[in-house]
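Some notes on the structure that comes next.
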Amino acid sequence: MRFYAFIAAVAIGLAGTVAALFSLERPGMLTAQLGYRGTGIEAVVNPRLIAANAPRHVAPPAIDPADPSGDRASTIYENVPVLGHLSIEQFGRIMQAMSEWIYPGEGENQGCNGCHVPGNFAAEDMYQKTVARRMLQMVQAINTQQTAHVGATGVTCYTCHRGLAVPAEVWSATPNTASSALAGQAAGQNTPLPRTGYASLPFDTFTPYLVGNAPIRVQDTVARSAPTAATMQQTEWSYGLMMHMSTGLGVNCVFCHNSRAFSDWEQSQPQRVVAWHGIRMVRVINTEYINPLQPSFPPHRLGPAGDPLKVNCATCHQGVNRPLNGAQMLRDYPELMPPAPERRAEATPR
């Protein structure tokens with residue numbers, strides 16, 4: 001019996017060793033100082049992963065600029081309420097770019113056919129056209145109203161889509177199935193998923209913060225203070241969101257925080273302010289642009305709870321702290337800015 005017990009112990013030990021080895025990255029990391037010396041505020045990255053993922057973060061070459069003068073697209077084409085202010089050449093250019101960004105290649109549902117009825121581009125029959133029109137309005141709003149997060153870099157359709165009709169990094173609400181009466185409610189825990197870095201934290205950490213406006217900060221600012229209003233579940237949700245942001249941006253905690261005082265804004269990195277605005281930007285995208293489109297989507301484009309596929313930090317960032325490594329795509333596509341407001345004639349001439 002002792003022999004079999006010894007063999008079992010060795011087998012368990014080997015299995016644990018293998019699991020540990022596959023969960024760690026081999027040495028040879030790069031470290032860059034981010035904060036004041038001696039504070040440990042530094043970025044740690046894996047150069048092998050950076051090299052392997054580099055092709056994902058290369059922006060496609062820009063199409064030759066179009067002449068902004070001439071007749072407006074709305075005078076030639078029907079049903080172009082969002083881009084009708086563009087010149088005919090600009091309109092054709094952005095349509096070509098969107099085809100390459102979202103429906104590249106040739107086929108029944110590729111290129112122009114991804115959103116339009118062949119032979120009748122003015123038709124409103126396809127849900128993709130309804131969604132694309134609203135997404136264009138969203139991009140215009142981001143590029144003008146969310147500069148606290150996107151800056152002058154801005155976004156284009158390619159920032160999220162990267163050649164796919166549905167962006168690779170999206171999420172939907174996950175039904176929280178109840179456990180047995182004996183085990184109780186798992187509250188979404190112990191179901192390792194990439195969205196929470198494979199931790200045992202609750203897996204639906206996006207709904208409270210990226211659709212709802214639940215407070216994210218749960219840490220006391222004073223030691224040994226009275227109990228706070230934050231519950232254990234709220235704390236786990238918050239940490240789950242932080243795990244997602246770390247993975248989605250390819251950074252560690254001190255990219256935004258000073259680990260000696262996570263909650264103190266004065267000791268935090270400037271990136272924390274940008275991230276604060278980013279969370280609110282994502283919330284606006286999900287609640288004002290994506291969720292209202294739910295009736296337009298067919299069932300196969302909805303999640304298991306019947307809600308549309310929404311965005312999070314990884315939708316744009318995809319593992320780097322600046323999407324597409326900061327490529328200035330908006331500079332090459334001014335067509336994705338909203339039309340300038342019309343100048344009104346003054347009541348009394350000067």
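Quick reminder: no glycine exception, Cβ is built from N, Cα and C everywhere.
Annotated heme 1 binding site per TrEMBL: MET95, CYS112, CYS115, HIS116, in sequence order. Shown in sequence order, ALA123, MET126, LYS129 are the residues of the chain, 6+ apart in sequence, with a C-beta less than 8 angstroms from the C-beta of HIS116 (heme 1 binding site).
Taken from TrEMBL, the feature heme 2 binding site covers MET135, CYS157, CYS160, HIS161. Contacts of CYS160 (heme 2 binding site) defined by a Cβ separation under 8 A and a same-chain sequence distance of 6+ are given as PRO167, VAL311, THR315, CYS316, in order along the sequence. DSSP classifies CYS160 (heme 2 binding site) as helix under the three-state reduction.
Feature annotation from TrEMBL assigns heme 4 binding site to HIS149, CYS313, CYS316, HIS317.
Annotated heme 3 binding site per TrEMBL: MET242, CYS253, CYS256, HIS257, in sequence order. Long-range Cβ proximity for MET242 (heme 3 binding site), meaning a same-chain Cβ under 8 A and a gap of 6 or more residues, is found for CYS253.
The binding-site residues listed here are CYS112, CYS253, CYS256; among them, CYS256 has the most other Cβ atoms within 10 Å of its own Cβ. Between the CA atoms of HIS317 (heme 4 binding site) and HIS257 (heme 3 binding site) there is a gap of 19 Å. For the recorded heme 1 site, residues MET95, CYS112, CYS115, HIS116 set the reference point as the centre of their Cβ atoms, and the other residues of that chain within 8 Å of it by Cβ are MET98, SER99, GLY111, ASN113, GLY114, PHE121, LYS129.
Here the binding-site residues are MET95, CYS115, MET135, CYS316, and the one ringed by the most other CB atoms within 10 angstroms is CYS316. Look at the binding-site residues HIS161, HIS257 and count other Cβ atoms within 10 Å of each Cβ; HIS161 has the fewest. Taking every protein chain shown into account, HIS149, HIS317 are the binding-site residues, and of these the Cβ with the most other Cβ atoms within 10 Å belongs to HIS317.
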